[in-house]
Every structure is written in structure tokens, then in C-alpha cells.
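As written in TrEMBL, here are the features:
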- 1-114: domain 'G-protein coupled receptors family 1 profile' (DOMAIN)
- 12-40: transmembrane segment (TRANSMEM)
- 52-76: transmembrane segment (TRANSMEM)
- 96-113: transmembrane segment (TRANSMEM)
Amino acid sequence: RWLFDQFVCTLYAFCGVLFGLCSLASLTALSAVCCLKVCYPAYGRCWDGHAAVLLLAVWAYALAFAAAPLAQWGSYGPEPYGTACCIAWEASSREATLYILALFIFCYLVPCLL
């Protein structure tokens with residue numbers, strides 16, 4: 001079972017979502033830049049000096065979706081087995097359902113399709 005209080009559960013889930021989304025977004029950005037540089041060299045050169053901006057955009061993207069449950073759009077809670085914490089997938093409100101749908105579209109479908 002989860003041994004800590006709700007604050008630690010929320011912090012644990014927030015960090016898991018933040019770093020997971022950041023990893024996925026970083027790999028997506030890296031793949032897109034590599035594709036541009038290899039397949040379209042004329043367009044790939046425009047990214048030569050913009051790595052820091054791209055990394056900031058990746059972290060902002062991940063932070064926006066990870067912080068949403070902290071602003072009451074979705075929620076964090078214990079997993080079904082109760083041993084860790086993550087996004088509360090059992091959406092009981094319209095806002096939570098919309099958050100899960102937004103995660104699916106913008107953090108799974110868009111990176112996979114890109």
C-alpha cells in the first residue's frame with residue numbers, strides 16, 4: 001500500500017508525469033529534427049542554433065500537462081493496486097475526462113503520428 005500522505009502522492013505522480021512526458025516530447029522533437037536534417041537539408045539548417053529553445057519548448061509542453069491536475073483539471077491519486085501514485089484514470093467528472101482525452105490526443109497520438 002502507499003505509505004505516505006496525499007501531498008507526497010501528488011508530488012510523486014507529478015514528477016512521474018512530468019519526466020515521462022518530457023522524455024516522450026524530447027524523443028519526438030529529436031526525431032523531427034533528425035528527419036528534417038536528413039530528408040530536407042535546406043529546412044534542417046534552420047534548427048542549427050535553436051536547440052536551447054527547442055528544449056525549453058519541450059519542458060514547457062510537459063510542464064503544462066503535468067501541472068494541469070494541480071490546477072484542478074484532472075487529478076493525481078493512488079494507482080488501483082495502491083502501491084504508487086499516478087493520474088487518476090477513473091474519471092468521475094467532466095474535467096477529468098477532458099484532461100485524460102487531452103493527454104491521449106496531445107501526449108500520445110500527436111507524438112506518435114509526428
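Any Cβ shown, glycine's included, is placed from N, Cα and C.
On a predicted model such as this, the values are computed, not experimentally measured, just so you know.
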By DSSP, what is the split of the domain 'G-protein coupled receptors family 1 profile' (1-114) into helix, strand and coil residues?
82 helix, 6 strand, 26 coil
Mean pLDDT for the domain 'G-protein coupled receptors family 1 profile' (1-114), as a whole number?
88
